Amino acid sequence: MGAAPRLSAPRVLVLWAALGAAAHIGPAPDPEDWWSYKDNLQGNFVPGPPFWGLVNAAWSLCAVGKRQSPVDVDLKRVLYDPFLPPLRLSTGGEKLRGTLYNTGRHVSFLPAPRPVVNVSGGPLLYSHRLSELRLLFGARDGAGSEHQINHQGFSAEVQLIHFNQELYGNLSAATRGPNGLAILSLFVNVAGSSNPFLSRLLNRDTITRISYKNDAYFLQDLSLELLFPESFGFITYQGSLSTPPCSETVTWILIDRALNITSLQMHSLRLLSQNPPSQIFQSLSGNGRPLQPLAHRALRGNRDPRHPERRCRGPNYRLHVDDVPHGL
């Protein structure tokens with residue numbers, strides 16, 4: 001996914017012409033939900049990324065923000081921070097359960113209210129509660145992730161979206177405040193083997209239950225810790241939501257060791273439709289925002305970029321799982 005295009009006068013004129021036409025075609029769209037990754041869906045104009053910041057005043061940061069996401073990570077710019085602690089995952093000793101959902105834009109896993117899953121450590125000063133797992137993927141291998149590393153994309157990107165539960169009562173409030181959100185991203189390649197957690201989400205019996213927009217399927221007995229590599233480093237920076245309203249309140253944590261899924265699992269993802277069954281098929285693939293300028297933001301990592309050949313060893317390069325029941 002390339003860099004975000006700059007808005008020009010012709011683009012603005014096209015937008016207002018499309019808005020005028022839309023006003024005469026049917027009921028007005030919900031302004032909080034009227035966006036897409038593509039400007040044209042089934043012949044109807046729906047604002048794509050270049051227009052997000054123009055169609056809704058609450059989304060203005062999408063157009064004028066200075067700390068937007070996703071970004072291309074230049075490893076030469078990553079500052080080694082030996083004082084970054086390891087990431088910690090708290091599950092309360094319970095298996096994860098929740099609903100796998102085709103939103104029409106993403107494959108989304110929404111965890112049940114219990115158990116509460118928290119992440120802390122790394123660059124985070126507070127404990128953050130898991131709100132959603134989101135899967136983005138491309139129409140072709142190597143071009144499905146939102147973030148890139150040294151100008152290289154990946155076939156998919158898993159984003160674990162958390163809100164700061166120590167400062168805010170819910171995701172909506174955290175989206176509007178400082179230090180509100182933390183998103184852990186894991187990159188995905190297509191290979192001969194598959195990550196065990198993703199295999200549960202992408203096996204044939206599960207993924208075919210969410211073939212169309214608004215389809216949902218309940219899953220249980222999931223071990224979230226199996227999503228993470230056995231050892232890994234991470235890179236962190238301050239950014240934004242990569243969907244409207246593009247709030248600049250996100251601490252991004254990019255895991256530097258990619259996961260794998262099989263070509264069959266990726267093919268199954270590309271067969272998911274962003275429309276209900278009554279409408280023409282349009283693949284859910286290509287569901288990512290273009291790259292945004294990094295500008296002068298700092299990139300920090302817990303691995304020394306001067307010695308990339310060194311393997312991740314020791315407790316700082318493993319996910320620390322706290323499985324003690326909450327409240328004990």
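Glycine is no exception: its Cβ is also placed from the backbone N, Cα and C atoms.
The structure displayed is predicted, hence computed values, not measured ones.
The compositional bias 'Basic and acidic residues' annotation in Swiss-Prot covers 319-328. Residues or ranges marked as domain 'Alpha-carbonic anhydrase' in Swiss-Prot (evidence: sequence analysis): 33-303. The N-linked glycosylation site annotation in Swiss-Prot covers N118, and the record cites sequence analysis as its basis. Summarising the annotation, Swiss-Prot assigns region 'Disordered' to 300-328. Positions annotated as signal peptide by Swiss-Prot: 1-23.
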Sequence-distant neighbours of the residue listed as 'N-linked glycosylation site' in its chain (C-beta under 8 A, six or more apart): L89, S90, S127, H128, R129, L130, H162, Q165
Across the domain 'Alpha-carbonic anhydrase' (33-303), average pLDDT on the 0 to 100 scale: 96
For N118 (N-linked glycosylation site), the three-state class that DSSP assigns: strand
